[in-house]
Amino acid sequence: MLATSDLWFRYQDEPVLKGLNLDFSLSPVTGLVGANGCGKSTLFMNLSGLLRPQKGAVLWQGKPLDYSKRGLLALRQQVATVFQDPEQQIFYTDIDSDIAFSLRNLGVPEAEITRRVDEALTLVDAQHFRHQPIQCLSHGQKKRVAIAGALVLQARYLLLDEPTAGLDPAGRTQMIAIIRRIVAQGNHVIISSHDIDLIYEISDAVYVLRQGQILMHGAPGEVFACTEAMEHAGLTQPWLVKLHTQLGLPLCKTETEFFHRMQKCAFKEAS
């Protein structure tokens with residue numbers, strides 16, 4: 001399990017995370033939302049062991065995180081982070097070499113590396129551009145390479161920071177499909193994003209953060225339907241939730257479901 005217990009973190013004398021109790025093992029996809037400065041990025045860095053809390057703990061497998069070199073190496077093979085800017089974690093001009101970088105550092109046999117790289121590229125739908133130089137790839141393609149680089153570790157938890165930022169509508173749809181495929185393999189995904197519609201559609205549970213504290217937690221439909229909490233957090237409701245709360249239309253999880261239900265209603269009225 002990956003969780004936090006009374007997690008506090010300060011930058012100098014300024015508390016950024018204030019007593020957070022979170023459990024990411026309960027849901028396949030957990031969304032983290034909040035206004036800028038609420039602590040999402042700092043939380044991600046604590047979960048990955050890049051930062052160490054001054055009080056409380058990050059819990060891995062039910063125990064406080066081991067911050068020794070060996071302990072952090074073990075954690076990062078099971079908890080992988082993909083940053084908002086893929087340039088931060090791409091080091092080679094050759095895609096296969098970049099994705100295989102961490103495995104070669106771990107001494108994984110070449111035959112196993114080849115198999116894992118091939119599987120990761122297939123999962124992120126990158127086989128058709130795997131032989132292109134990385135500098136020639138689009139922003140969205142680089143994001144997929146970065147995700148593939150995390151997937152080859154066979155991590156059980158994947159932390160995605162703004163996975164749809166900078167993507168066009170087609171790229172956003174493709175990213176959602178990739179996340180669903182990752183989850184279908186039995187993995188957990190934690191998404192930090194300002195894309196409220198994404199979080200609503202794909203998450204099974206949502207934490208709303210405000211000034212380093214949990215303002216609300218629960219199922220996406222319940223959380224985002226709470227207008228008062230959304231306003232207090234400085235957030236807007238997903239458009240599907242707005243249609244429900246402001247117009248009384250059925251609460252749907254996806255755009256496809258919404259239009260299907262509207263078509264059924266229109267057909268009934270016409271007949």
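Note: Cβ is positioned from N, Cα and C throughout, glycine not excepted.
As the structure is a computational prediction, the values presented were derived from the model and not from experiment.
For the domain 'ABC transporter' (2-236), the mean pLDDT of the prediction comes to 93. Summarising the annotation, Swiss-Prot assigns domain 'ABC transporter' to 2-236 and lists sequence analysis as the type of evidence.
Counting Cβ atoms from all protein chains shown, N36 (ATP binding site) has 8 others lying within 10 Å of its own Cβ. In the three-state DSSP scheme, N36 (ATP binding site) is classed as coil. Look at Swiss-Prot and you will find G34, A35, N36, G37, C38, G39, K40, S41 tagged as ATP binding site.
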When you measure from the Cβ of G37 (ATP binding site), which residues in the chain that are at least 6 apart have a Cβ under 8 Å away?
Q211
Cβ-centroid neighbourhood (8 Å) of the ATP site, G34, A35, N36, G37, C38, G39, K40, S41 excluded:
L209
